Structures are given as C-alpha cells and as structure tokens.
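Enquirer: Below, the features straight out of Swiss-Prot:
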type     : residues                                                                                            : note
ACT_SITE : His9                                                                                                : active site, tele-phosphohistidine intermediate
ACT_SITE : Glu124                                                                                              : active site, proton donor/acceptor
BINDING  : Arg8, His9, Gly10, Glu11, Ser12, Gly13, Trp14, Asn15, Arg58, Glu124, Arg125, Tyr126, Tyr127, Lys135 : substrate binding site
REGION   : 82-101                                                                                              : region 'Disordered'
SITE     : His194                                                                                              : site 'Transition state stabilizer'
Amino acid sequence: MSYLIIVRHGESGWNVDGRFGGWVDVPLTGKGIKEALLCAAELEGIDLDVTFTSKLIRAQETLFLILSKQKKIGVFVHEEAGTGEDRTEREDGSRKDRKEKRYAYPPNTEKNLIPIHSNEALNERYYGILQGKKKDKMKAKYGEEQILHWCRSFDEGPPEGESLKDIYRRAVPYFEKEIFPILQDGKNVIVCAHQNSLRALIKHIEGISNEDIRKIRLANARPVIYTFSGGRLVRENAETDPSVKRNL
C-alpha cells in the first residue's frame, strides 16, 4: 500500500487581500506558514518518497515547509529537451526530441534527499479578466451569481481565462502519466498545488460529476489523504474529512 496526499497551499497574501491570484506569484503569509507546518505535523507518520508541485511560489513554499518537518531536502527535477544528437527516430522516419529528467546533483547521494517535480499542469486557474482583481469589486461589477458560476462550474470559466474543464485537461493527463505510475511502484507521493488544479484531480480520482464538483472546496494547507492498493485510490475518512468542503 502507498499514499497519495494532496494539499492546497497555505494562506497567501492575496487570499487575505481578497484578490483572484491565479498565475500571479504571491507568497505565503505568516498564517500560511503556520498552516503548512500544522499540515506537516499531521503527515509525520507518512514517509514521503516523491513530491509534485506547481510553478507558483505559494505551493512550493508549502511543500518546502512540509519537507522541513520530515528533515528532507527537496531536489528539483528539470526536464530538458534533447539536442540534435539526443533525438529519437519514429517508425515513419521523422524525429522527435527526447526529454530527459535531470537533477542538479544525484538524488540518491543522501537518504534525506527527495525529488521535486514542478510543472505548470498543476498551476492554479488562469483567471483571465479577473486575474489580480479584487473579488468584491468584480462581484459588484458582474454580479455575485455570475462570479460563482465562472469559479464553480465545470464547463465555463471567466472570459479570457480557464474553466475547470480546461484545468482538468492539463492536470489529469499529467497525473496519469507522471504521478500514478509512482503510486503503482509503492511509493508515497505528495502533491502541493491549488484549489482548482486539485479539484480537477479529486473529480478524476473520485468520479465526481460535473454538477457535484461545484460543491467541492479545499481548505488551505489541509491534507487530503488517499490510500493506494489493488490499483485503486480510496480517500481516508471520506465522510468526515474537514479538508474538503461540500458546499458553495
């Protein structure tokens, strides 16, 4: 049996300021740091093997704080496109670049080193015309019902921005290709990311309908823990888990 832990980042400066953060790189607040450390304490009994996060600092900071409690040092894994000499040949004679995953230094040189995979597929929603704007001002301009629809529905997002369906299309293939095989190898994985990229993963893992996903909200820095056994992921304490709020 192995574990999959998904964690939304701790409170950020723009959570406090009431702004749509999206892809804007906003760090944690003092409260967010404390939340991440409390999350780490909840995970002390699970020895982490591999980590995944987005390209945004608030998710990365949350991950670093969790790893610090386990006395582990994260080593970023970088994907590099191959050079001309590194290309592989397809059956039809065409060529494609081979991507290699490289560490700044070997990850197995010390027992406390742990790989960190950082990818835009796990980024928060790109909010389009709402990006960086004050939530109360946008509700006054477009109406609270419209804002809720853009932010909660599966198929429709804010103008010039992403819907949850768009996020699902980038996050779920990444999960299936990069994360699921590691769970199959019996390793414990943590994913530190964002409200909407994690909602997309929860929808996929738990088979939640397009309508019911509207009701799912994630608390800051509260772990959602799945056990993986027999090819299936099952959430622990699914009915009482305070990390996942089933309301608007």
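Any Cβ shown, glycine's included, is placed from N, Cα and C.
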Enquirer: Out of Arg8, Gly10, Ser12, His194, the recorded positions in the record, which is closest to Glu124 (active site, proton donor/acceptor) when you go by Cα distance?
Expert: His194
Enquirer: Taking only the residues the record lists as binding substrate, namely Arg8, His9, Gly10, Glu11, Ser12, Gly13, Trp14, Asn15, Arg58, Glu124, Arg125, Tyr126, Tyr127, Lys135, what is the largest Cα to Cα distance between any two of them, in Å to the nearest whole number?
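Expert: Taking every pair of listed residues, the largest Cα separation comes to 20 Å.
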Enquirer: What residue among the recorded positions Arg8, His9, Arg58, Arg125, His194 has the most other CB atoms lying within 10 A of its CB?
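Expert: Selected residue: His9.
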Enquirer: Across all the protein chains here, work out how many other Cβ atoms are within 10 Å of the Cβ of Glu124 (active site, proton donor/acceptor).
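Expert: Looking across every protein chain shown, the total is 25.
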Enquirer: To the nearest whole angstrom, state the Cα distance for the pair Arg125 (substrate binding site) and His9 (active site, tele-phosphohistidine intermediate).
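Expert: That comes out at 14 Å between the alpha carbons.
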Enquirer: Just checking, which of Trp14, Tyr127 (binding-site residues) has the fewest C-beta atoms within 10 Å of its C-beta?
Expert: Trp14
Enquirer: Once the chains shown are all counted, how many other Cβ atoms turn up within 10 Å of the Cβ of Ser12 (substrate binding site)?
Expert: 26
Enquirer: Name the secondary structure element type, per DSSP in three states, that contains Trp14 (substrate binding site).
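Expert: Note: Trp14 (substrate binding site) is helical by DSSP.
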Enquirer: Give the three-state DSSP assignment (helix, strand or coil) for Arg8 (substrate binding site).
Expert: strand
Enquirer: Roughly how many Å separate the Cα of Trp14 (substrate binding site) from that of His194 (site 'Transition state stabilizer'), to the nearest whole number?
Expert: 13
Enquirer: Taking the Cβ of Gly10 (substrate binding site) as the centre, how many other Cβ atoms fall within a 10 Å radius?
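Expert: Cβ-Cβ neighbours of Gly10 (substrate binding site) within 10 Å number 29.
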Enquirer: Out of the recorded positions listed (Arg58, Tyr127, His194), which are within 10 Å of the residue listed as 'active site, tele-phosphohistidine intermediate', Cα to Cα?
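Expert: Taking Arg58, Tyr127, His194 one by one, the ones whose Cα falls within 10 Å of the residue listed as 'active site, tele-phosphohistidine intermediate' are Arg58, His194.
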Enquirer: For Arg58 (substrate binding site), which DSSP three-state class applies?
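Expert: The three-state answer is helix.
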